[in-house]
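Database features, via Swiss-Prot:
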BINDING   C154, C157, C207, C210  Zn(2+) 1 binding site
BINDING   C171, C174, C193, C196  Zn(2+) 2 binding site
DOMAIN    5-70  domain 'J'
REPEAT    154-161  repeat 'CXXCXGXG motif'
REPEAT    171-178  repeat 'CXXCXGXG motif'
REPEAT    193-200  repeat 'CXXCXGXG motif'
REPEAT    207-214  repeat 'CXXCXGXG motif'
ZN_FING   141-219  zinc finger
Amino acid sequence: MAKRDYYEVLGVGKNASDDEIKKAYRKLAMKYHPDRNPDSKEAEDKFKEAKEAYEMLSDAEKKAAYDQYGHAGVDPNMAGGFGAGGAGFGGGFAEAFGDIFGDIFGQAQGQGGRRGGGPQMYRGADLRYSMEITLEQAAHGYDTQIRVPHWDECDHCHGKGAEPGSSVETCPTCHGAGQVRVSQGFFTMQQTCPKCHGSGKYIPKPCTKCHGQGKLKSQKTLEVKIPAGIDEGMRIRSSGNGEPGINGGPPGDLYVEIHIKQHAVFERDGDDLHCQMPISFATAAIGGDIEVPTLGGRASFTVPEGTQAGKTFRLRGKGIKGVRSGYAGDLYVHINIETPVKLTEHQKDLLKQFDKSVHEGGSRHSPQEQSWLDKVKNFFSS
């Protein structure tokens, strides 16, 4: 099958800059990399095609030959061809991605590893700890302790991983390098040694207590300081308290993820608080002083006369002091007018008399009701 034009493969024009060619290749390689598409032959073919195109167009000499003669100028089976070569991940692939690709697909670059001979070092995995706290603790701050998984040196083999009296040998597969070269088609790549898993060592007789790991799992107590104003989903990082590194690599970090319990009175919206405040019909009509709950205690508030159901009042600075802004939010009080229940006959008579007197006053006492009645009349008369 005829090869596609290299510029077409990468989706760039013939006047594309080196940077544009590199960006286009990175995008395609990320999309079709075998680690992301383990069972897709089509993705594997597209990955190889993009890699070949990049290797040609990123090399000035090969690019010039391709621009002048097309595939004939670079095909090793044709006279004068340069050939795709066998650069593998050490050539165009590594050049284009550096440690970015290593972070995604677990290569040593960018993870505390080192290139060249010898076992590869890997950064330990990060740990996540989910912690649930109250709204009050989130608002005011909170010091606590947590217990997290921890690894201690095995007291039987003293961290060697081998049964006492036995030795640790150089891995016969990778000869201590920690990696092996694997050929795939026209290029090769390095992979972690399947026998020693990157350590470069082989333990014929593993420790019977730690099973060759050289460490034992335990629990560790950590002090955690929850800052005032922390919000739902925020994370606190504890550096170096994640999983231990491999082959001398640095440990990962511990992330404490905060979840806030539902509160009986308040709902939080960022640094603001909302609460529903039931008041009596009489207080809504003639006004009065009420006590409003806040996280700092009770606050007095005067309800103006004629307050309608659903009215919202804002109490400035009665919310939560933001962990980032440093300023306190506001408290929004939503008024709910409570309808009295289980009335006595005397109370019912009084309300009927009151209702009659209100209606005799016309729209002066019930402007919203009168406005609604006018709209209804207009609807039926139209």
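Just so you know, the numbers here start at 1 and follow the chain as drawn.
Each residue, glycine too, has its Cβ placed from N, Cα and C.
Around the Cβ of C193 (Zn(2+) 2 binding site), the same chain contributes C171, T173, C174, A177, G178, Q179, V180, G200, each under 8 angstroms and 6 or more positions distant in sequence.
Comparing 154-161, 193-200, 207-214 for CB pairs under 8 angstroms to the repeat 'CXXCXGXG motif' (171-178), the maximum falls on 193-200. Cβ environment of C157 (Zn(2+) 1 binding site): E163, P164, C207, K209, C210, G214 lie under 8 Å away, each six or more residues apart in the same chain. For the domain 'J' (5-70), the predicted model reports an average pLDDT of 85. The distance from the Cα of C154 (Zn(2+) 1 binding site) to the Cα of C196 (Zn(2+) 2 binding site) comes to 19 Å. Within 8 Å of the Cβ centroid of the Zn(2+) 1 site, not counting the listed residues C154, C157, C207, C210, the chain contributes D155, H156, H158, G159, K160, G161, A162, E163, P206, T208, K209, H211, G212, Q213, G214, K215, L216. In terms of DSSP secondary structure, the repeat 'CXXCXGXG motif' (193-200) contains 0 helix, 0 strand, 8 coil. Comparing the binding-site residues C154, C174, C196 on other C-beta atoms within 10 angstroms of each C-beta gives the minimum for C154. Under DSSP, the residues of the zinc finger (141-219) split into helix, strand and coil as follows: 0 helix, 35 strand, 44 coil.
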